[in-house]
Structure formats: C-alpha cells, structure tokens
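Lifted from TrEMBL, the feature list:
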TRANSMEM  B:7-29  transmembrane segment
DOMAIN    B:98-329  domain 'ABC transmembrane type-1'
TRANSMEM  B:104-125  transmembrane segment
TRANSMEM  B:137-162  transmembrane segment
TRANSMEM  B:202-221  transmembrane segment
TRANSMEM  B:252-275  transmembrane segment
TRANSMEM  B:307-329  transmembrane segment
Amino acid sequence: MLVDIQNLRIAFETRTSVFEAVRGVSLNIGTEKLGIVGESGSGKSLTARALMRLLPTNARVTADRLTFDGVDILKADERAMLRIRGKRAGFILQDPKYSLNPVMTIGRQVTEAWRTHKGGGRKEAKEAAIDLLAQVRIREPRRVYDLYPHEVSGGMGQRIMIAMMLAPDPQLLIADEPTSALDATVQAEILRLMEDLVSQRGMGLLLISHDLPLVSHFCDRVAVMYAGRVVEELAAGDLSKAQHPYTRGLLNCLPSLIHPKPRLPVLNRDEAWLKS
Amino acid sequence: MTKRLNALAGLLASVFLTLFGLVIVTFLIGRVMPIDPVLAAVGDNAPQEVVERVRQEMGLDQPLVQQFFHYVWQLLHGDLGLSVLTKNPVTSDIARYFPATLELATAAVIVAALIGIPLGVWAAVRQGSWVDQTIRVICLAGHSVPVFVLALICLLVFYAFLGIAPGPGRQDIIFQDMVPHVTGLLTVDSLIARDWDAFWDALAHMVQPVCILAYFSMAYITRMTRAFMLDALRGEYVITARAKGLPPRKVIWLHAFPNVSVQLVTVLALTYAGLLEGAVVTETVFSWPGLGQYLTVSLMNADMNPVVGATLLVGLVYVALNLLADALYRQLDPRVR
C-alpha cells in the first residue's frame, strides 16, 4: 500500500466561519492507476495536495490516518516532507502556462528536479535532463533544453512537466487535471504518455479529472467525489454498474454519438447526497 | 538581426522624441514663468535704457520661434547660459553641485535596496505574522514622518548630544579643496588620491543624510517588494517548485524572486531618479551642496538659467534610467526579449 487515507478532513478557517471542504475521505492507492472524478469544489485537488502537504497555510487538515509508504504525513516534519515531495511523489499541475517558471529555461527546471534528489554534476544532470525530455517524446530535446516555457506549446509544456516530475524516479505520480488546459487531440497523447511511463516504471498514478469516461478509460479504479466525500468507488470496467445516483446522473448526462438525444438531461441534486 | 535593428531604431526614435519634448518644456518654463529674466539680471532699479539694452543682448526682443532655435543652438553647443546668482556658467555650476547629489543618491539607493528588498521578501513570506507587522510599522513610519523632523532629530542626537557624527556639510573644513577634483564624488576622488583621512571624513559626513534618504526609499521599496512577492508566491510555478521537493529558501529566491525582479527594477529606477532630483529638505538640513539646493536657491532668486539647466538634467537622468531599466528587463525576463 503506497498511500493510505482514512477519514481525511480539510477545513478552511476565516475570521467568521469554518468551511469544511473535504469531509471524511478514505482512499488507498497501491501500484495502480486510481482516478478521482468530481465536479469543481468536490475536494479532489485538496485531497491530492494534502497528501504532499501543499495546501495553503490556513487549511486545517485532520485524519485518522494519512500515510505515504508508511510515513505519517500529518506528523512528518518539513525535512521529511522534502524527501517525499518530488523524490517519492511527483505532482503535475493543470496548466503548464502557469505551472512552469516563466523566467527559467526548461533545461534548468528539469535539471534542478534531477539534481535536488540525485545530486551529481552539472554535465551529468544535463545529459539526464535531455534523456528525460526524449523519454516524454520531445523531438529535439537539445533545442528544447535551452528554450523558455513561453516558447513551447501547451502539450509540450505538459510533457516537460512530466519529465521534470519523473526525474527523481518517484513511486507515485499525482496528476491534477493534467489535460484540462489542452486540446482534445493533445489530451489523449499526454494521457497515453503518462500511462506508458507509469506502467514502464511500475509507479502508482493518481489521476484527478472531471472527465468520467476519460478517467475510466485510463485508470484501474475510479473514485467519485461529491461535496468533499467519496460517494462511490468502483473498478473502471464496472462504471456502467454504478449504484450512486450522482454517478448515474453524471453518466446519464453524457451525449452519445450513436444514440443522440434531442436534449441532455439535467442532473437533479439530492440533499441526501450531502449526508450519507 | 533586422528585428533587433528595428527595435534599436524604435528605441532611438522614442529617446529622440522624449528629449525633444524635454527641450520644448524647458524652453517654455523659461518663458511662461511670471519672471522677467532681464529685471532679474539687472535689478529693479536699473534705468530703462539699460533694461532695453540687456533685453536685446539676451535676445528676448526676438520672436519666440527664433528664441527657441537660439535655445536649441546653445544647447547643442553645451551652453546653458550664465547664472545671475553665482556669475558662473550653469554647466560648471551643475558640474559642481550634481556630483554631491549623485554621491548621496547612489549611496542611499544602494543601502535602501540592500535592506528593503530582503525585508519585503521576509514580510511576504511571513505574511500576517509579527515579523510582517513589525516591518509594516517600520515602513509606515518611513512613509509618514516628515524628513526634516527625522533629519533634525538625527543631527541633534548624534551630532549635538552624542558627538559621534560629523556636522552638516560634505566634508570637514580642513579637507576643503585638499583632494584634486576628478569625478566630483568626494569619496571616489579621495580614494584616487589615496588620501585616507579625507576618504573617512567624506564617508562619515555621508552617513546621516544617506541613512535618512535610504530610510524613506527603503519604506517604499519594502512595501512594493512585499506586494510583488505575495503575488509571485501565489503562482502555480511556486507550487511546482515546492512539489519538486525544493527547500523553502530555494523556492523563494530561485523561483519566486526572479519573477518579481523585473517589477523591482522599475521601482528601483524610479526611486533612484527621484533621489537624483536632489532631496531639497535633506540637503538643506545637512547643508549639502547638491542639485536640490542649487535648484531651489536659483528658483527663489528668479535665476532662470540654472532652473532650466537643472530641469533639463533631471529630465536626462529620467531618460537615462528608463533606458537602463529597459535594458535590464530584457536581461531579466525572457518574455520581453
């Protein structure tokens, strides 16, 4: 078991109120591909960030258990976290336009990730970075190495992000909506690339998305989140057998090319989903 | 290559236009002021024919357009006219007064940046903590206490009571004109002459005015740095840097800070330019023979040539610093290259 989350709660305190954004999430991740789907604000990103302790300082995190490969994330000190972040778990953000540092060359950003965890000299790191860029199927890695993030496309940016996060050979890759900022054609390429690299290296993958069919296609298991809870967890192949009305409602809203509907149904929310 | 040439041509054109505007404005300052330069030169009691003769000598009886061309012609020959007050050419006056301001302003902006930038970064990183609050109070005081109050208190405490700081002025009377004039910056000139006593004396005289000016500039620099850094620290690339497992020190200085340096260049350039205008109040309190004093005294005495000359110089300083800032942007931000 790589990640064990039991009853995770994340609350944000303001001067006047406390808002609980994640309300008792329990998840396990092994060397597998787990997808988390849910609408905006359902707490999927927060759950992932809590795992790497990358939440804003005003977030209050509590859990019965929150461990990464046996390390208690809740109790670990900053130095222990530095050995987890990057080195053992990589984190890919949504939009490479914002998640890559605009004033650093791509090469510097990739070598930095490599050298931080593996040490080694400048030359060695450069060769490793170029090799990584080639691994994410960038055609001219030596040229791209010297470019700045604004000089590459979104798809290429996300490849670079993947290369950077895979540099220290982590055991788990967390991808927080890695393709929502990209074109549909590029989306599939990036996901396939991630899938290949993750299986080649025998890593775990936590894929966060709001695209239910896409996640079920690429992952082994899917957890559906709603309002800060996991409402349903099932094997990707069993999606059609989903029990929870929210999941069924979502699936029902999908347009179909084979059986086109004149009007898509609207998801009717039930107050009871908030409790359970 | 052509792109770069085009950019250079555009830059030159904009500099030329700015300078041309500056020349027009300074020319107009000399004409629209409700001051008769002839009367200022000959005095109120001069007989009418003397006034007329001087008016003709100064070319003020000619049409404005002709006067303007005459003004430009003189400028191109590096002639800013004579100062009625000092009886010297304005250029040689400025050559004497400006280095004093340059020395003060340069030292002040360096001190202010060296203290202000780290303080601002620290305040942003510890947003809302007691560190942030303390820095906020220090900066607030810097913004709100009048210069003359602080400067006078400084002189009173460190010069009058404690006697550990030298008094007003740029140097002690015994060092007056002892060091050969090379750059006009006393510290540099005394170093060139290897006159250590003169160097320490000049440096000691700078400490108080530099600290006062640096404090006010620092307050501004700190506040701006804090605001820029808060913005940068919210950036997604900062999350990326942290997710890579970089220690906070590296996240702050290698990832967030380089992204604010472009904005900081603007702040520093404007601060420096503001200081180079000459800090009239500080210069007055410390009897510092700088540009601010020269400008004010000339203005009070309706001596227009120095006023126009000094204004022209300040304008040039702004143009030069803007060019420098522009060049630095290109260095610091790959997106504007």
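Each residue, glycine too, has its Cβ placed from N, Cα and C.
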When counting Cβ pairs under 8 Å to the transmembrane segment (B:307-329), the leader among B:7-29, B:104-125, B:202-221, B:252-275: B:7-29
Tertiary contacts of the transmembrane segment (B:202-221) (same chain, 6+ residues out, Cβ under 8 Å): 103-105, 107-109, 111-113, 115-117, 119-120, 138-143, 147, 150-151, 154-155, 158-159, 165-166, 169-172, 175, 186-187, 190, 264, 267-268, 271, 274-275, 279, 282-283, 286, 288
Contact set, same chain, for the transmembrane segment (B:137-162): CB under 8 Å, 6 or more residues outside the stretch: 119, 168, 208-209, 211-212, 215-216, 218-220, 222-223, 279, 281-282, 285-286
